[in-house]
Amino acid sequence: MSDEFVIKPESVSPSSNTSEWPLLLKDYDKLLVRSGHYTPIPAGASPLKRDLKSYISSGVINLDKPSNPSSHEVVAWIKRILRCEKTGHSGTLDPKVTGCLIVCVDRATRLVKSQQGAGKEYVCIVRLHDALKDEKELGRGLENLTGALFQRPPLISAVKRQLRVRTIYDSNLIEFDNKRNLGVFWASCEAGTYMRTLCVHLGMLLGVGGHMQELRRVRSGALSENDNLVTLHDVMDAQWVYDNTRDESYLRKIIQPLETLLVGYKRIVVKDSAVNAVCYGAKLMIPGLLRYEEGIELYDEVVLITTKGEAIAVAIAQMSTVDLATCDHGVVAKVKRCIMERDLYPRRWGLGPIAQKKKQMKADGKLDKYGRANENTPETWKKTYVSLENAEPTTAPASKSEEKPLIKEVEKKEVEQKEESKEESKTPEEKKDKKEKKEKKDKKEKKEKKEKKEKKRKADDDESSEKKKKKSKK
């Protein structure tokens, strides 16, 4: 056999270039490894290889909003064109404003809130009401209007006209024509900033007055106008092509997976067996962790992903990267907003020995349907099984001063238990006498309270009548 058909042994393994992997799997080999062992489950699919129905229902469209229709109208049109159940957008644009409007479809609408709060970028044309003495004044005025600014919504707005603080992160003057009193500038700002108000403030600062002539949004959150921007006509044409020729390539081109909005988040990779538990709202624990990113701090927003690159949920980190590397147990992250549908992956909880025994005892009637003890429950189970459902997390007392109240509480409980045992040992006649005494005592207390109220009311009436007499004498 010739040498060209033989695979020769090598000491170096071929490197896979993960920088070209799609979406949330990019630079996967640079993630820190917690565990290399897990059982792959064939459920789920890579975001770009989902079947068309689930691809559309977990997709986002970076739409170039036309001038004149409102954002809600545009979103309603897309809902009608794609024949989907739900649509939402990443932040309202005024009717005359054009540019990036991220339209989320069905399952992706769960990310709308996070995109509405993300930063925005605009290109704006401002018309000044008079010529400037020095053309450089406009650039200097824009520089002054960066940072935290007070803004009141314009006269015609959909919200209450309250004074609010909004931040302008950066701004650049692109062009200025002093003869025509028109300036074009770019601004990066916080969500909820009114560019119309900014233009009015700019005119006031320059001493000539001004207003906004035209506006275009060039970035909204994670997507800019360079990231696969499509028009309403593109959406309509793609749906028409699919309906008439069954060619889904155009629909796949205009719709992007929802994972594109989460590329900026720190990632935590979850084992396939833990995915469905997280979808049902469980906290992610250390045993369910596969890989995690550098630089995660406590209470950071992170995205939980599967080994196929699907987003499971947006979560709040309960451990930093350092803790994740060293801890052998504990909560990694709490779910803030679940994205994935339940039961896409199979259930993999309740398979331990105690859980299986509990299941069997429920079936035999030795426990009730909630897993609580009943009259048929064996004594050994009652003594050995510890329910953690209502147990509060116990921490070691920091000092002796904290120990004392705990001891007192234990003593108090012991006394209560003794009293209860005494109560049980009493005869029915003794119990009846005690009940009657208690009722008499309660009646007496009520009577005393009523008398006190009456006395107070009479005293108040006497005071008011005296005051009236004094006034009449004057």
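Glycine residues also receive a Cβ, built from the backbone N, Cα and C atoms like all the rest.
If you check Swiss-Prot, you get these features:
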type	residues	note
ACT_SITE	D94	active site, nucleophile
COMPBIAS	361-372	compositional bias 'Basic and acidic residues'
COMPBIAS	400-433	compositional bias 'Basic and acidic residues'
COMPBIAS	434-456	compositional bias 'Basic residues'
DOMAIN	265-340	domain 'PUA'
REGION	356-375	region 'Disordered'
REGION	390-474	region 'Disordered'
REGION	431-460	region '9 X 3 AA tandem repeats of K-K-[DE]'
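DSSP assignment over the compositional bias 'Basic residues' (434-456) gives 23 helix, 0 strand, 0 coil. Residues of the same chain lying 6 or more positions beyond the ends of the region 'Disordered' (356-375) and with a Cβ under 8 Å from any Cβ of it are 350, 381-382, 387.
Each residue in the compositional bias 'Basic and acidic residues' (361-372) gets a DSSP state, and the totals come to 4 helix, 1 strand, 7 coil.
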